[in-house]
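Novice: Heads up, here are the entries from TrEMBL:
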- Lys198: active site, schiff-base intermediate with substrate (ACT_SITE)
- Lys252: active site, schiff-base intermediate with substrate (ACT_SITE)
- Glu237: Mg(2+) binding site (BINDING)
Amino acid sequence: MSQYPALRLRRTRASEWSRRMHAETVLTPANLIWPLFVTEGEGEEPIASLPGVSRWGLNGIADRAREARDLGIPCLALFPNTPRELRTDDGREALNPDNLMCRAIKTIKDAVPDIGVLTDVALDPYTAHGHDGIVDANGYVLNDETSAVLVDQALVQAEAGADIVAPSDMMDGRVGAIRAALEANGHVNVQIMAYAAKYASAFYGPFRDAVGSRGLLKGDKKTYQMDPANAEEALREVALDIAEGADSVMVKPGLPYLDIILRVKSEFQVPVFAYQVSGEYAMIEAAATAGAGEREALVLETLMAFRRAGCSGVLTYHAPLAAKLLAR
Ligand SMILES: NCc1[nH]cc(CCC(=O)O)c1CC(=O)O
Ligand SMILES: [Mg+2]
């Protein structure tokens with residue numbers, strides 16, 4: 001009896017109510033984190049390589065925060081486009097308590113006190129060479145020197161009101177160092193979401209346009225970000241970040257790395273997030289524009305795939321669209 005024709009897996013798929021009742025995974029706006037680009041001035045600056053995404057001045061950022069709240073999106077991720085003249089080899093603008101990032105955090109907290117603010121800890125929006133850290137004479141990104149600066153950067157962000165600091169730099173040991181500094185400075189409830197398995201990827205191009213680092217970047221990031229060939233190494237990275245005190249871990253990029261998400265979730269049972277990165281967003285937009293797929297369906301299917309693989313949530317530039325679709 002346990003086979004066809006008595007067993008028909010199509011039976012539960014035959015009607016909409018039944019499909020809904022048998023869904024193993026749910027996707028809600030609570031699973032979305034919306035990355036936002038911040039700029040000086042008050043205008044809206046469209047980003048050519050990210051159609052539909054803009055940099056916003058502080059007023060626009062406050063409006064986006066209200067929009068997110070109304071859509072049920074729980075958290076915003078912030079990325080500054082630092083004016084060129086403030087970018088230096090040591091990225092010291094990252095430590096300025098009045099920098100664009102800190103002003104954006106405060107703006108959001110004033111406009112919508114109850115929304116989560118996640119900040120990126122890395123130096124690339126502040127360095128003249130576009131790397132995430134301090135480089136030596138050969139252009140090599142120095143681990144321990146960089147980690148020391150990242151600790152101060154995370155503290156500056158926490159002081160400004162960040163709820164989650166998210167180191168995206170891939171230095172060794174920085175999660176433990178940041179956790180210790182947060183504890184020592186009274187920020188016991190500031191979370192760390194570690195970009196634990198971040199790959200040296202070809203999918204970050206539009207992001208680098210958005211934060212203004214593409215034209216500046218010398219070389220590539222392969223001496224610190226991971227080789228796409230590696231999966232076991234991702235598990236080691238995640239194990240270390242959890243041991244150092246990460247509250248949650250991230251896998252990045254997203255869709256090409258669903259296998260990593262699944263393995264991390266199965267192995268560690270910790271909150272896992274994915275970053276559906278700028279190049280993935282641009283790919284979906286290009287497919288939709290070319291008529292190769294239907295935008296809304298592509299967005300919801302890819303986001304559901306992250307949930308099915310084990311993600312608690314996804315950073316996605318499609319967050320407002322997805323939240324609107326999910327509200328229907
Ligand atoms: N610290 C850099 C950082 N933080 C988030 C992204 C990429 C996000 C995206 O492509 O959407 C990057 C780019 C990089 O590593 O060069
Ligand atoms: Mg690591």
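Using N, Cα and C of the backbone, Cβ positions are placed for all residues, glycine too.
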Novice: Should we count any of the recorded positions Lys198, Glu237, Lys252 as near ligand 2, judged by a CB under 6 A from one of its atoms, and which?
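Specialist: With ligand 2 as the reference and 6 Å as the Cβ limit, the list reads Glu237.
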Novice: Specify the secondary structure state of Lys252 (active site, schiff-base intermediate with substrate) as given by DSSP, simplified to three classes.
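Specialist: In three-state terms, Lys252 (active site, schiff-base intermediate with substrate) counts as strand.
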Novice: Between the active-site residues Lys198, Lys252, where is the Cβ count within 10 Å the lowest?
Specialist: Lys252
Novice: May I ask for the distance between Lys198 (active site, schiff-base intermediate with substrate) and Lys252 (active site, schiff-base intermediate with substrate), taken between their Cα atoms and rounded to an integer number of Å?
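Specialist: On Cα coordinates alone, these residues lie 5 Å apart.
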Novice: For Glu237 (Mg(2+) binding site), what residues in its own chain, 6 or more apart in sequence, show a Cβ-Cβ distance under 8 Å?
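Specialist: For Glu237 (Mg(2+) binding site), the qualifying residues are Ala196, Ala197, Met226.
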Novice: Using DSSP and three states only, what is Lys198 (active site, schiff-base intermediate with substrate)?
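Specialist: SS state of Lys198 (active site, schiff-base intermediate with substrate) = strand.
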